[in-house]
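Asks: The structure under discussion is supplied below as structure tokens; questions concerning it will follow.
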Amino acid sequence: MCGIVGAVAERNITAILLEGLKRLEYRGYDSAGVAVLTNDATLERMRRPGKVSELDAALAEHPLVGRLGIAHTRWATHGAPCERNAHPHFSGDIAVVHNGIIENHEALREQLKALGYVFTSDTDTEVIAHLLTHKLKDQPDLTVALKATVKELHGAYGLAVINARQPDRLVAARSGSPLVIGLGLGENFLASDQLALRQVTDRFMYLEEGDIAEIRRDSVQIWDITGKAVERQTVQYSDGAEAADKGEFRHYMLKEIHEQPAVVQRTLEGRLSDQQVLVQAFGPQAPELFAKVRNVQIVACGTSYHAGMVARYWLEELAGIPCQVEVASEFRYRKVVVQPDTLFVTISQSGETADTLAALRNAKELGFLASLAICNVGISSLVRESDLTLLTQAGREIGVASTKAFTTQLVGLLLLTLSLGQVRGTLGQGVEATLVEELRRLPTRLGEALAMDSTVEKIAELFAEKNHTLFLGRGAQFPVAMEGALKLKEISYIHAEAYPAGELKHGPLALVDNDMPVVTVAPNNELLEKLKSNLQEVRARGGELVVFADEKAGMTNGEGTHVVQMPHIHDILSPILYTIPLQLLSYYVAVLKGTDVDQPRNLAKSVTVE
Ligand code: G6P
């Protein structure tokens, strides 16, 4: 989603802002802009549609020099992605950048127009700029005026503001959109993600919901939601820098796919004893709370939702616990009936997805037993606001299409399943010890699947000219098929749909012909024979098949049937393994189509608006 960077220093800060934007670009990227207070105390800005490189080129021709500034990468919500709508937005002496959505912007716009303010963009953000200018008439102190302004805003915002008349400070406000202050020596910074500031500092202060901050060169002052002056803890951050480098790989996505054996290993570290999962990995209260759990409700979005769907099969089959899974944007607005002793589980790579966070906040009112976040970012809002946490150790994921975050979420969810079954005594004899052993072998198996890279690259050629594809799976492989279809549409823009293979004959079979390849995942389990019949139904209609099949499944190449032999794996872990070739397939199809693999059109890494 959008990204914010700000700086107040004694040196020229334009290059710092630009570097910060480049590091944030993976979050949202349809336009970018920067505003600085130049040395003759005027506000100047440069905005460009497209990538940060466009802004960079424009600044190379017309440099902006100043010691106070703000910058933004935008992912359009209100108004098309063009220069006029790009941030920063100006009003009088002030410049504003904003992440989030102001829900009452229309009413505010009318009021401000009636007061004579002229709007030059279609954005909701511009109302903040004019409202603030209006407040400054009564109260010339920028910080005080910002406090008055945010009282009138409904919705979500992370805001950074500068004022030409107060060149000593940058002010910020957080409500529903994360902001972090980077602490330097004689200079301070602000960003929506600390990654943007890693080149200038490793000390950070995270703003909390409702905080307002006044950031000067040599001081930071923060007020909480009640207006009380507060101190926020300073955190030294040392991880994550390596992720900003693609290394030997052509794209972040390919690098992240290949990191999976290592990050799965990391996710398991310290969480397994000889034959068991260590339940305390979920927090010191976990053993006591898990013993009470009788139901599980999982809520997530996108890829994380697919991880939740796989977990449902595991929780019911292995731990005997009824489980419901729902996308957060639906759950948050539905009248939900909560069964007694239900554990509320959110899954999120970023921990900042607006719908997932809102669902968690609603859940607190609904009488769930406790909340658990399975999340990749330890300092995220989701983690802070949940009772229990399991951090996936995927490291920073830059590619918009989620890969290693998904497989580590699956590992976390299998650990959860085994932990719940363990404390409740519902696992079958020897199941935990077997699966713990299988989990230990998983990184090696994933490495074997990755070794099929060039085979999958060849298969990708079948798809490059197609417009539609179908993904099929049965049982826990159905969500894997959904994830495979999502990957393909996200980065290659080919229409892809997933179906449980048994549903084929109830409709989608009508679409199958030789222009619609069908991708299937076929581990060696009790559903294999049924799946083989479904595949015959496709072949009989001239559909071309690509089957990722267990080496023991006895499937071989035939006319119009391309079989990729997969290393044999325990059926329970097969969703994790079979995800790998589907990730590689979508990657190579996108490369062949020449699309922007890491930053696909219209999408954002972390969706912090509703
Ligand atoms: C966006 C991303 C997806 C991601 C989803 C949920 O749509 O593009 O890759 O799966 O958000 O994000 P989360 O951070 O909550 O897992």
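First residue shown is number 1, and so on along the chain.
Each Cβ is built from the backbone N, Cα and C atoms, and glycine gets one as well.
Pasting the relevant annotations from TrEMBL:
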type: ACT_SITE; residues: CYS2; note: active site, nucleophile
type: ACT_SITE; residues: LYS605; note: active site, for Fru-6P isomerization activity
type: DOMAIN; residues: 2-218; note: domain 'Glutamine amidotransferase type-2'
type: DOMAIN; residues: 286-426; note: domain 'SIS'
type: DOMAIN; residues: 459-600; note: domain 'SIS'
Asks: What is the interatomic distance between the Cα atoms of the residue listed as 'active site, nucleophile' and LYS605 (active site, for Fru-6P isomerization activity), given in whole Å?
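Replies: Distance (Cα to Cα, whole Å): 10 Å.
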Asks: Count, for each of the active-site residues CYS2, LYS605, the other C-beta atoms lying within 10 angstroms of its own C-beta, and report the residue with the smallest count.
Replies: LYS605
Asks: Tally the residues of the domain 'SIS' (286-426) by DSSP class, grouping H, G and I as helix, E and B as strand, and everything else as coil.
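Replies: Summed by class, the stretch gives 63 helix, 28 strand, 50 coil.
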Asks: State the mean pLDDT for the domain 'Glutamine amidotransferase type-2' (2-218).
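Replies: Its mean pLDDT is 93.
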Asks: Go ahead and report the DSSP secondary structure tallies for the domain 'SIS' (459-600): helix first, then strand, then coil.
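Replies: Helix (H, G, I), strand (E, B), coil: 65 helix, 30 strand, 47 coil.
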